[in-house]
Amino acid sequence: QKDANFASGRNSIVHLFEWKWNDIADECERFLQPQGFGGVQISPPNEYLVADGRPWWERYQPVSYIINTRSGDESAFTDMTRRCNDAGVRIYVDAVINHMTGMNGVGTSGSSADHDGMNYPAVPYGSGDFHSPCEVNNYQDADNVRNCELVGLRDLNQGSDYVRGVLIDYMNHMIDLGVAGFRVDAAKHMSPGDLSVIFSGLKNLNTDYGFADGARPFIYQEVIDLGGEAISKNEYTGFGCVLEFQFGVSLGNAFQGGNQLKNLANWGPEWGLLEGLDAVVFVDNHDNQRTGGSQILTYKNPKPYKMAIAFMLAHPYGTTRIMSSFDFTDNDQGPPQDGSGNLISPGINDDNTCSNGYVCEHRWRQVYGMVGFRNAVEGTQVENWWSNDDNQIAFSRGSQGFVAFTNGGDLNQNLNTGLPAGTYCDVISGELSGGSCTGKSVTVGDNGSADISLGSAEDDGVLAIHVNAKL
């Protein structure tokens, strides 16, 4: 349950936040497949509360497990999983299984949500299926965090056989429809013992969608653990991966100048991070790009953000996830939508970028170029580490790829790239296209060394070359 089930030669999950199923299917075929992406994390596919103003967070208030949302119905969902899997791109469901709604109302499929009466007839859940109401207000008390209500959301009792059965059935239905795994929302707010039982009840992946016999769903759990609380991320690694929140905090701090890049030489568990095989890593996500504090880098701070993403994708640690946002000015703001609340599809520009209010970080050349880099260096380790003892670093991945960063001053060095002799295209400033480089090129000599130059005033403080972008 720690294997992402990527097709061969692919890596990275991109979170297509609030996209419609038919747009995701198109994106799998037209962009994610040719660029080597491994999979897509989708927004919650089950019925959720229709909230005033249609904020993004309404999707995290379930009303039922009917597959009918602003992103599409079950037939659109199945069309997406079929087309994406055919393209070698996996689908991971954002599974909201800790709670139901925080208010009364109606869901996206027309079902009623009786928050006050603890009654969700479309499931059905009644008052006996929830923990007694109390407020999550003490992160030094694990029982409070797990058995009370997070911001007023009715808290399901996963210790109940009935509730477990409903959740297992929902997740197994998703497996039947061809998904490769689940991001588990609010896992910290559920008991590891209960989650272990639920995940052990999941079917193997559906071989009709190209998965191997006996393949298990990939599980990666939201456990925000920045230290100092009663609950540890390590409680959840026995039955799945965990989203490593410390990763983005530490990288964001470094690339904003709060820590010298030379200190990244031992990046990984020595920094207090999970073991690599247990970790799904990211620079920002849909929550902390809004409320994560100044250390979290986002698309709004593009130069250091792209450098942090490049470091994440260049380094072997963890299973990587990339955020693909819609532009927002207000933290509650929902996705691009028309006057009736219908989602608007992203527009695709000639230069690969998006319009209609979508940021599409995954379509930035500096990002997809590094996904290609990660595929090219699969199976290698960090070698030829160099630093100027400050904010300039470089390293190779075996003899397959080489990357250099400056976060202070111009970098002009003759460095050992570890690569075979030849001329390579920098995949940050451009790419290999039609037999030539559209950006910078780097010539590696017979001894593996090359003159590397990276000016501090350039658009990007990173340069990357690999064997699949060689002239």
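Glycine residues also receive a Cβ, built from the backbone N, Cα and C atoms like all the rest.
Record features (Swiss-Prot):
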MOD_RES   Gln1  pyrrolidone carboxylic acid
DISULFID  Cys28-Cys84  disulfide bond
BINDING   Asn98, Arg146, Asp155, His189  Ca(2+) binding site
DISULFID  Cys134-Cys148  disulfide bond
BINDING   Arg183, Asn285, Arg321  chloride binding site
ACT_SITE  Asp185  active site, nucleophile
ACT_SITE  Glu222  active site, proton donor
SITE      Asp287  site 'Transition state stabilizer'
REGION    326-346  region 'Disordered'
COMPBIAS  326-343  compositional bias 'Polar residues'
DISULFID  Cys354-Cys360  disulfide bond
DISULFID  Cys425-Cys437  disulfide bond
Report summary line: Most Cβ neighbours within 10 Å, among the disulfide-bonded residues Cys84, Cys148, Cys360, Cys425, goes to Cys84
Query raised in the report: Including all protein chains displayed, how many Cβ atoms other than that of Asp155 (Ca(2+) binding site) lie within 10 Å of its Cβ?
Result: 23
Query raised in the report: Looking at the recorded positions Gln1, Cys84, Asn98, Arg146, which has the shortest Cα distance to Asp185 (active site, nucleophile)?
Result: Asn98
Query raised in the report: When you measure from the Cβ of Arg146 (Ca(2+) binding site), which residues in the chain that are at least 6 apart have a Cβ under 8 Å away?
Result: Lys188, His189, Met190, Ser191, Ile231
Query raised in the report: Which chain-mates of Cys28 (disulfide bond) that are at least 6 residues away have a CB under 8 A from its CB, listed by sequence?
Result: Val40, Met80, Arg83, Cys84, Ala87, Val89
Report task. Do me a favour and check the Cα-Cα span between the residue listed as 'pyrrolidone carboxylic acid' and Arg183 (chloride binding site); whole Å is fine. Result -> 12
**Report entry** Sparsest-packed of the listed recorded positions (Asp185, Glu222, Asp287) - C-beta count within 10 angstroms
**Finding:** Asp287
Report summary line: Should one count Cβ atoms within 10 Å of each candidate's Cβ, the recorded positions Gln1, Asn98, Asn285 would be headed by Asn98
Query raised in the report: Around Arg321 (chloride binding site), how many other C-beta atoms are within 10 angstroms of its C-beta?
Result: 24
Query raised in the report: When you put Cys134 (disulfide bond) at the centre and draw a 10 Å sphere around its Cα, which of the recorded positions Arg183, Glu222, Asn285, Arg321 have their Cα inside it?
Result: none
Query raised in the report: To test your reading of the Ca(2+) site: which residues beyond Asn98, Arg146, Asp155, His189, same chain only, put their Cβ within 8 Å of the Cβ centroid of those residues?
Result: His99, His131, Val136, Val145, Asn147, Cys148, Glu149, Leu150, Leu156, Gln158, Ala186, Lys188, Met190
